[in-house]
Amino acid sequence: MPPIPQNTEKWLQKTIDSAAIILFSKSRCPYCHRVKELLKENKIKHATIELDQRPDGSTIQKALSEKSGIHTVPQLFVRGVCIGDSSKVGKLHEDNKLLETVQLNKYDYDLVVIGGGSGGLAASKEAAKFGAKTAVLDFVKPTPKNTVWGLGGTCVNVGCIPKKLMHQAAILGYSLDDSEKFGWDVKKNEVKHDWGKMVEGIQNHIHSLNWGYRVVLRENAVDYLNAHGEIMDAHTIKITKKNGETSTITTNKMILAMGERPRYPDIPGDKEYGITSDDLFSLPHNPGKTLVVGASYVALECAGFLTSFGYDTTVMVRSILLRGFDQQMAEMIGEYMQKHGTKFIRPCVPTSINQVEPADLEKGKTGRYRVTAKYSDGKPFSEEYNTIIFAIGRDPCVNLETMKRLGIKLDKANRIICEDDEQTSLDNIYAIGDINAGKPQLTPVAIQAGRYLARRLFAGSTELTDYVNVATTVFTPIEYGAIGLSEEDAIAKYGKDNITVYHSHFNPLEWALPHRDDNVCYAKLVCNKAANEQVLGFHVLGPNAGEITQGYAVAMKIGVTKADFDATIGIHPTCTEIFTTMHVTKESGATPKVTGC
């Protein structure tokens, strides 16, 4: 059942003004059915609101009749104009004017989405389902190394997808090491990793996704414009193609979904000799000895799989690991990675990069670069590397002059300040995804925000994206899944006396035969004493943490308590069953270590 609008008249006016083509109907009305058939026959996509399936349906119909003067349904509205009831729609069809009528538009488009990433694509496809004439503008500015990619944004091309595939490649390497203990005759000296073959396979998969997105847009009648978009005013966009050709398009609504790009540290040699994750996943040669600068999840994930492939990998950290995440869990990740071969330099920041020897890729020779840096106490650092990867954060892809000229408000990080419904300072321009200030910067968040926004704009929905308790996973060699508040944030918000933390290590059964480390994997629940021990934070460190965490996100969304976990019977033997038997609290001082599986 859709949420009930608090002010029916206001909601109705906004819905009619915003929607491209919307039909107010009743599900069992034969006249309504006739109009639906005519729209279907003419292949006219539209939104439908069934008044008899809403508890506020009679209220909406009353407000509708006062607005249109028509006291019955169906009533068809096109871009704010009442086309009429079934007889008028039928007459338009008989006169072969129905299609022409619904195509009337004072703008070129009902919606233009700037940004062809996950959120932008989701919003555009959803809007088109309801009859909105929609376009997607997507343009990839080349990196300093001239790396570019296709439609789909960061996640598909230089983020989630290639990252997870390289993480999987690393897991397979660990499994090969373990397999001997399970009876497999694996000659370790004959096992080697082929960087080029892996990159080729990953890029082939990405290219298939790029093509698939273009096909889906075409199938949904969404115009794909591979061009740069510059907002001229609230309804006008200047587009510039790769060849320099320019033109303008107009639109009723805009959604900004440009995402973010990796930041460089602004030191000598950074862009000339360094790369970012935008370049790594298509790197044509193996990275060799690598320095990863940064402590973000991108930094640790990349360092993790590079180490597993056998490359000498070092992480240079300015201060803390995984800022914004639970710090106990972050430090446990760092300890695990260090124990398994990744080096850490902290606290330290780079000051310059100089070329020692240029690369000769035809001969399979990588370049050598000297990185100079400084520890927080002033002590100098200097070392040579083949590859330097910057993962120190990301900056939003917004034009500051344009935002200022339009009056769109930004926060200190230059992300766009939005209302709860993703509306910016201008009432017809919206922002979703990573550029929306204060929202989780995750692909599924952008997708849901885009879909929900399109439904509100073009289908009369009032449902908002719920940004609370969004699950996430860091795909380091030992995965970390989290939902809700970190232990630190829970204490800061509710007070230490109101927080109970249940925790326990666990030993995956699959680690038993290879004799992997005991009491490395860890789980904890951060609970609110004052609210029946409602779980505020869910945290797990171990294999397949992402798969574990996803299921618990549903429970967290509906306010699960510690008692609910206790009353649940676990599946044995699994890692996740530890959450059903966890009883040790931090305040008790008892050890969370376990023996056996």
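Cβ from N, Cα, C; glycine included.
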If I go by TrEMBL, which of Gly196, Gly201, Gly393, Gly407 binds NAD(+) at the same site as Gly294, Ala295, Ser296, Tyr297, Val298, Ala299, Leu300, Glu301?
Gly393
Which of these, Cys82, Cys155, shares a disulfide with Cys160 in TrEMBL?
Cys155
Of the recorded positions listed (Cys155, Cys160, Val298, Leu300), the greatest number of other CB atoms within 10 A surrounds the CB of Leu300
For a quick check of understanding: among the binding-site residues Gly294, Gly393, which residue's Cβ has the most other Cβ atoms within 10 Å?
Gly294
Have a look at the recorded positions Cys155, Cys160, Lys164, Asp434, His572 and say which one has the shortest Cα distance to Gly393 (NAD(+) binding site).
Asp434
In the chain carrying His572 (active site, proton acceptor), residues 6 or more apart in sequence that have Cβ under 8 angstroms from it:
none
When you rank Cys160, Gly294, Ser296, Val298 by Cα distance to Gly229 (FAD binding site), which of the recorded positions ends up on top as the closest?
Cys160
Candidate binding-site residues Gly294, Val298, Leu300, Asp434, pick with smallest Cα gap to Cys160 (disulfide bond):
Val298
